[in-house]
Structure formats: C-alpha cells, structure tokens
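> Questions regarding the structure given below will be posed in turn.
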Amino acid sequence: MADQLTVLIEAVLGSWWFYPLLAFFIVGDALCPLLPSETIITAGAAWSASRGVPDIWAVWTIAVVAAVLGDNICYLLGTRLVMFVRSMPPKSKMGRAVDWVEKSIRTRAAMTIIVARFVPWGRWVLTIMLGAMKYPWWLFFLIDSVGVLVWVSQAVLIGYLGGWVLQDYPILGMILGVTLGALVGVLIDRVRQYFSDAHQVRTGTSRA
C-alpha cells in the first residue's frame, strides 16, 4: 500500500503539469485563502529532498512569481471588494483581520505587509484594503515582493528539511515537512498577535 502511494505521489509531483498546478493554487490562494498553497509548496520541497523531484529551484521560482502575481491581482480588485470586507461581523475571523489591518497599517505599514504574508485571511484583507485605500502600488509591490521571498523560502526550506531528514521514507518526510510548516505558521501568528496586543496596551497606556 505504501509503495503504491509513493508511486502515485511521485507520478503527480514528478510530472510537468505539477508546476502549472502549483502556480494555479498559489494565485488562487491569494484571491481566496482557502486553497492549501503553502502545504503544496512544502510537500513538493520535501519530496524533492527525498526523491529528487520536483525540481526544487523550479518550485521556488514558480512559487515566488505566482505569489507576487496573485497578490497584485488581489490589490487591483481592492476597490471593488472594500464594501464587502467592511461588512464582516467584528467578531468573525475576517472581522478580526480587518481590525488588525486598520490598526497596523497606520503605524507600521511595511512590517504589516510582510507579516501578513503568513496570515492567510489577514493577507487577503490587507491587500484588498490597500487597493481600496489607494496605497501606492509601487511601494506595495516592493514590500510585498520581500514578504513573498521570505514566505516561499521558509516553506521550501522547511519542507526540504523534513524530506532530507527522512529521505529513506519519502511519505513520512513529506508529512514531517508539512507538519513543521504548519507549526511555524501557528508560531508566527502567535508572535504577531503578541506584538499586536502589546502595541495596543502601550497605545492605551500612553493615551491614558
């Protein structure tokens, strides 16, 4: 059973159409943060470490280009979706993301854009709102590109590490890589929340 699964996974990840599929998921994730684009990047990198396919540099390059493209499409759609974003209930997941974006962009725009790359709904809301706010596109493009480079690089490195550690067991290596990637994502979100809360406390104290 494990051998059959290995053959099936390699047939997918080792085929030429994996690359356009990867690009599709990443661009789609930028427009609708429900697609598991980071998981696919990490899984591909893990399999590359243990089996040699897909090509690790092709995965990295396609992921970077697709993520930047998707984010910029989302930015351009911002003016059409801003009313939808603002209609979200304040206590919903998206509502909390809207609140975080509005508070953060006023004080630390560059860091917010980069960190938001690791927070799916936060990234989506931020990009839509930046488009709606007429935030300078060229500045968004530059900062977002930095965020994308960091995001893709960490996903590829974590996946590759998992695959390399368990290279004799490619399926386990892929699972390890994906799990590590998920844990890093949770950690980054926790750190973001901590600093966001700390900033709110400092702001509230100074106003008092």
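The backbone N, Cα and C atoms fix where each Cβ goes, glycine too.
What TrEMBL records for 36-160 is domain 'VTT'. What TrEMBL records for 7-27, 57-78, 137-163, 169-188 is transmembrane segment.
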> How about long-range neighbours of the transmembrane segment (57-78): same chain, 6 or more residues beyond its ends, C-beta under 8 Å?
19, 22-24, 26-31, 37, 41, 44-45, 48, 117, 123-124, 127-133, 137, 140-141, 144-145, 148-149, 151-153, 155-156
> Is the transmembrane segment (137-163) packed against any residues at least 6 beyond its ends, judged by a Cβ distance under 8 Å, and which are they?
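Residues 38, 41-51, 56, 59-60, 63-64, 67-68, 71-72, 75, 109-110, 113-118, 127, 130, 170, 173-181, 184.
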